[in-house]
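Worksheet: one structure, shown below.
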Amino acid sequence: MIAIKSVLLATLLALVAAGPTARSGMVVRESKSAVPDGFVVKSAAPADQTIPLRIALVQSDMAGLEKALYDVSTPSSPNYGKHLSKEEVEEYVKPSQAAVDAVNAYLKANGVEASTMSPAGDWLGFSIPISKANDMFNADFSVYQHVASGTEQIRTLSYSIPSSLSGHLDYVHPTTNFITGSPRLPLIVSPLPSNATGLTPATAAACGSTVTPACLQSLYGIPTTKATQSTNQLAVAGFLGQWAQKADLKSFLSALRPDLSSATTFALDTLDAGSNPQGSGDAGIEANLDIQYTVGLASGVPVTFVSAGSSNSDGWSGFLDMVNYLLALPTIPHVLTTSYAFNEPGLSASATNTLCNAYMQLGARGTSILFASGDGGVSGGQSQSCTTFIPTFPSTCPYVTSVGGTTGTTEVAAGLSGGGFSTIFTAPSYQSAVTAAYVKSIGTTYSGKYTGTGRGFPDISAIAENVEIYNGGTAELVAGTSCATPISASIFSLINDQLVAAGKSPLGFLNPWLYANPTALNDITSGTNPGCSTNGFSAKAGWDPVTGLGSPNFAKLKTAAGL
């Protein structure tokens, strides 16, 4: 039986590799030599099935935009804080008219009408039958299954574009971009201990058993006074049917922030047919956590829950649509917090670069973008059977701030804290010295399991275990870097409130400022992030790929911000 299955699988793989009859005048744009680890090919995709595709056009001057981003984000620059306008960013991004005309002409010649999918016009979208997609791009779209999760996706191992479109068409998506399971991080949930009162004393020591806003305020020096600036918006990203419940927020505030009105709530924005139903069975642990530790910690800061629905065709579970939605707004939030992540292996370099560049656009306009680093230590979202360490994306994007996890009153690294080095992005200039120093300090340990020259993550960390929330009317404890991320976002939002009140610009892209002021964070020097059947990396003095530069110290961060 095993031999028969092997023959059938070999035959199927041969058919996939053979592909359809190739068009002439085409050049291979992207290809993978083999099916990515963790996936199996199930069958050829049905020829008459419609597939939504997007074309990324070559952007005008991303190197120029990156230079502008660092210019407004580096404290030593005379232009620090002078964030770009929507129109200025779009000038760097928009494709040339020649690119737009050439790509649209090819689509029209094949009977395809495309829609513009981004404010700068660098994305086009359309839906066509699989048979036409195979023909137009010399592809062989097949059904692939991610073995661990059972999820299926239609992808191709290779595709081509007309040679005449080289320099105009960046890439076609989703084609070779294999997403490992769901980007939702696996929060660890446990019941609240029976001896917990829900009104934990406002001391840092209390964070050792049950983490609440009060103990975080003591531990990190977070002010309890309400923010005053209505323009200082904090956005919470919601995906995958995770909905934030107003009733649970009310219970949370009544029990854990009695100094705030229990009627304090949040605004709602939606995209891709998103919603936020409030039925008794609609409570989402992730969404409730994110909302409760922004509304309930960033006292008085206006919070918006941005809910992305399932009607997306961006190949990123709505991530790309969300950033383009925000980029289209005339006024953008000062902070965006996202508690979701993908495993980097299997992802297309082109797709990750373009999504990362979209975050660069948002950062250039003045948004601080925070992502959870992951909850599997060095194994990302994989099992312990991984043979090389698994970095997570978008944490590996150089233009976002990755948040790892700590635990305890005297903070140590949380074992779940995702961290490591990218295999796609190199270490950016703001961190290259400290990441190189860490790699040198561990010598040949884990040689071959990670890319030492890659972008290191996380950048910072915060409490990530035993965090009390209310979910479905019940008090629970949760753990994960999904806790640390909204906590950190709240701290930076409160600093932004004081900056705006003083007539200054918000912090914007955080990393150059953070790495220039490492003593403004509490250095975490013990703990590891095990995974892939190893002990993982170790926290050390200075930056490390477990806790980054350390956890927030509000007073010192405020001073570093010039307040």
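Backbone N, Cα and C atoms are what each Cβ position is placed from, and that goes for glycine too.
The signal peptide feature in TrEMBL is assigned to 1-18. Residues or ranges marked as domain 'Peptidase S53' by TrEMBL: 210-563. The feature active site, charge relay system is assigned by TrEMBL to Glu286, Asp290, Ser482. Annotation source TrEMBL lists Ca(2+) binding site at Asp523, Ile524, Gly542, Asp544.
Features per TrEMBL, on structure.
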residue : record                           : contacts (Cβ under 8 Å, 6+ apart)
Glu286  : active site, charge relay system : Arg184, Leu185, Leu187, Gly238, Gln242, Ser339, Tyr340, Ser482
Asp290  : active site, charge relay system : Val236, Ala237, Gly238, Ala244, Phe305, Thr337, Ser339, Ser482, Thr485, Pro486
Asp523  : Ca(2+) binding site              : Ala541, Gly542, Leu549, Gly550
Ile524  : Ca(2+) binding site              : Thr406, Glu411, Val412, Ala413, Ser461, Ala539, Asp544, Val546, Thr547, Gly550, Ser551
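Shown in sequence order, Thr525, Ala539, Lys540, Ala541, Trp543, Thr547, Gly548, Leu549, Gly550 are the same-chain residues outside Asp523, Ile524, Gly542, Asp544 whose Cβ sits within 8 Å of the Cβ centre of the Ca(2+) site.
Over all protein chains present, the Cβ of Gly542 (Ca(2+) binding site) has 15 other Cβ atoms lying within 10 Å.
Neighbour density for Ser482 (active site, charge relay system): within 10 A of its CB lie 31 other CB atoms from the protein chains shown.
The 10 Å shell around the Cβ of Asp544 (Ca(2+) binding site) contains 31 further Cβ atoms across the protein chains shown.
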